[in-house]
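Quick notes on the structure that follows.
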Amino acid sequence: MGKLDKASKLIDEENKYYARSARINYYNLVIDHAHGATLVDVDGNKYIDLLASASAINVGHTHEKVVKAIADQAQKLIHYTPAYFHHVPGMELSEKLAKIAPGNSPKMVSFGNSGSDANDAIIKFARAYTGRQYIVSYMGSYHGSTYGSQTLSGSSLNMTRKIGPMLPSVVHVPYPDSYRTYPGETEHDVSLRYFNEFKKPFESFLPADETACVLIEPIQGDGGIIKAPEEYMQLVYKFCHEHGILFAIDEVNQGLGRTGKMWAIQQFKDIEPDLMSVGKSLASGMPLSAVIGKKEVMQSLDAPAHLFTTAGNPVCSAASLATLDVIEYEGLVEKSATDGAYAKQRFLEMQQRHPMIGDVRMWGLNGGIELVKDPKTKEPDSDAATKVIYYAFAHGVVIITLAGNILRFQPPLVIPREQLDQALQVLDDAFTAVENGEVTIPKDTGKIGW
């Protein structure tokens, strides 16, 4: 990789004006342009993107069909608020999303500007429909940065520090972890243990008949790409139905083909959510989100209970329609499944040679590669993970960490196999270099990652 002179100067200048609360620190990358799975920075350096803008660019950067849809719509109508009137792209998109949502029940849609407000919407609609106040969410979850979604989240102290009190009546329970288990535990044992933890609040202080919904990520994204066991998910789903509690899912990070299924919930058998949030890749990174819910639930609120001036913007809606077409007609769900299986095998092979790789979790092109100090104790190794991503960056690969010690592997779904192989080789080399003590982190970098 070449020098970062221009990038470093620009960042030094930006730091005078840009609040540190709005960016997690990794390394000095100032992106100038991008296409497919390739990034080019302001100094002319090229990188293979293994992050896809936090899983917001599933169809790849500047996909021709998405760019054309944006340009064509911008020539006709950039914006008129859907809060009062109508436009065709929004009409078409609401119908499309209602029809492709998981399950056979009639669905309705409400648009927003980010996954954060889509999760706020889940709080609103769940409380309105049930007439109940309590919401159950999960430790390790990330649902956004509006006040409601930030309260729902459980992944960072900085999301509650100095800004409380948070939204009342939100209860967090542990998310099942099939990697760190007790000796001799089977997946069945793990499911039952965590389901018992799930039930404890209901047995002590949380009235089930006053609980509006349970919100869960079928696969936790920022928590480390962790999938709940099938049996656990079915037990929670059944519990919700037995107690009149809505079952809601967050598909913002994991939806739209990321997991090798259109929706992450389709990794499980016969589960139909009452409410779901989508965003990020919905419009290829353009500011658009949606809450999709069963018709009767979505009819529980009247305007202006959940509307935004720019939500469902015509340009964003056109971008989303084009994005959904690309996912369908280019077979990206199937490609994600195939390439993800290939990448998983490559990482498992690396694990045999690199004991720092404690766990390889992969569903589609969607992986959490957990680095540990010892495969027996499973003690997290954040130092090694930081060195791996710095080595990767220096050798033309963009990847970041989750929870300090987990590599976040989420490339654009369009990544060619050749680029995927190149990136995987760089990571393999990075593990070797770190093991040999050949990687150091600059002293002035500050705190890295979450």
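Just so you know, glycine gets a Cβ as well, placed from its N, Cα and C.
Marked as pyridoxal 5'-phosphate binding site by Swiss-Prot on the basis of similarity to another entry: Gly115, Ser116, Tyr142, Asp250, Glu251, Val252, Asn253, Thr309. The annotation N6-(pyridoxal phosphate)lysine is assigned in Swiss-Prot to Lys280 on the grounds of similarity to another entry.
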Excluding its own, the Cβ atoms lying within 10 Å of the Cβ of Glu251 (pyridoxal 5'-phosphate binding site) add up to 30
Glu251 (pyridoxal 5'-phosphate binding site) to Lys280 (N6-(pyridoxal phosphate)lysine), Cα to Cα, whole Å, comes out at 9
If we take the Cα of the residue listed as 'N6-(pyridoxal phosphate)lysine' and draw a 10 Å sphere, the binding-site residues of Gly115, Tyr142, Val252 inside it are Gly115, Val252
Pairwise CA distances across Gly115, Ser116, Tyr142, Asp250, Glu251, Val252, Asn253, Thr309 (listed as binding pyridoxal 5'-phosphate) top out, in Å, at 25
Reading the DSSP string in three states, the entry for Lys280 (N6-(pyridoxal phosphate)lysine) is helix
Cβ-Cβ distance under 8 Å, sequence separation of 6 or more, same chain as Tyr142 (pyridoxal 5'-phosphate binding site); the residues meeting this, in order, are Ser153, Ser155, Ser156, Gln220, Gly221, Asp222, Gly223, Asn253
Quick tally, other C-beta within 10 angstroms, Ser116, Asn253, Thr309; top of the binding-site residues is Asn253
Counting across all protein chains, other CB atoms within 10 angstroms of the CB of Val252 (pyridoxal 5'-phosphate binding site) number 30
Same chain, |i - j| six or more, Cβ under 8 Å of Gly115 (pyridoxal 5'-phosphate binding site); the result in sequence order is His143, Gly144, Ser149, Asp250, Val252, Asn253, Ser277, Val278, Gly279, Lys280, Ser289
Cβ contacts within 10 Å for Asp250 (pyridoxal 5'-phosphate binding site), all chains included, total 35
Counting across all protein chains, other CB atoms within 10 angstroms of the CB of Lys280 (N6-(pyridoxal phosphate)lysine) number 26
DSSP output for Gly115 (pyridoxal 5'-phosphate binding site) maps to helix
